Structures are given as C-alpha cells and as structure tokens.
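Participant: Have a look at the structure that comes next, please.
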Amino acid sequence: MKMRGQAFVIFKELGSSTNALRQLQGFPFYGKPMRIQYAKTDSDIISKMRGTFADKEKRKEKKKAKSLEQSANAANKKVIQGATQNSANAPGTAAQNQQVPDNPPNYILFLNNLPEETNEMMLSMLFNQFPGFKEVRLVPGRHDIAFVEFENENQAGAARDALQGFKITPSHAMKITYAKK
C-alpha cells in the first residue's frame, strides 16, 4: 500500500493535536494547502501506551476469521429469512423490526451534538477538505446544531460517511444526517 504525500504525526495529548490541526489546516506546504484530519485508528505507539496494542498479524488473522464468519452468517440468514417470512407478518412483530431511517439524500447535511465552542470556521475547516463544499450555516441561538451545504447529494454523502461520529471534543461526537427537504 503506497501512501504518497501523507504523514502521520503523533501527539501525547488530544488538545495539542486539535490545536495543530486548527492552525495548520490549509497551510501551504510545497505549493499545496495541507489537508489535515485525525487518524481513523490509534497508532502503534498510542496503542502501546494504552496497553491495547495487538500485533498486526493477529489483527489480520482476526479480520480474516471475522469475514469468514460473516459470510457464513449471511448464508444462514437467507435460509432463516425464508422460513420466518410468514411469521414476521404476525401482529406486534412488525414494530419491533423497524429501525429509524435516515432522511432521503440531500445536498445539505444537518449536524447535531456540537459542543458550545463550535464556530463557523471550525466546521468550515473540517468540511472544506471534501469536494463540493459550499458553506456552513450556524443556527442563531442554538450552539448544538448546524447545516453544511454541498454542490450535490453524492458529495454531501461522502462527507457524511467520512465524518460521522467525528469527535470535535472528547465528549461530543458529531451526529450527521441529511437535512429534511
């Protein structure tokens, strides 16, 4: 796996990394603006410090075993689904199986669970790394919600998927849905 043009910088404290991210986002480096984001997983060094380090080989084996198990479960589900399809229509079971669906795709995203110190610049820096980003709109009198507009639904969906659950602060994981049309 080639990772050209990428670097990983490790900080001991989340506050230091957040400060660096905010100050250096978009900073010109060799003629191109830097696009900085948090890593999706902990580095080996951080894992070792926390005592959660598992060897990469062990992780690969677990992943392989898990995918085999999932494919076996999928095959079993199809068999069970066919057998229980008639019983699913019985009274009282339909309400238990329903999940709350997301709004239909939209070029505007709705953000909630934002910390009080959230501002337009912070969110702009976070979302401007995605193609099609247009603007951030904060709601006056409400610090915990905002809207982010993109050029189209696909671009909004890509940003939504990438930043879902992003922790702006350690206690505030951002929740992103499509805005109601």
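Every residue gets a Cβ built from N, Cα and C, even glycine.
In case it helps, TrEMBL gives these features for our protein:
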type	residues	note
COMPBIAS	82-101	compositional bias 'Polar residues'
DOMAIN	1-41	domain 'RRM'
DOMAIN	107-181	domain 'RRM'
REGION	54-102	region 'Disordered'
Participant: Taking a Cβ cut-off under 8 Å, which residues six or more beyond the ends of the domain 'RRM' (1-41) line up next to it in the same chain?
Facilitator: 122, 125, 128-129, 166-167, 170
Participant: Across the whole of the domain 'RRM' (1-41), what does the mean pLDDT come to? Round it, please.
Facilitator: 80
Participant: Can you break down the domain 'RRM' (1-41) into helix, strand and coil residue counts using DSSP?
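Facilitator: The counts are 11 helix, 4 strand, 26 coil.
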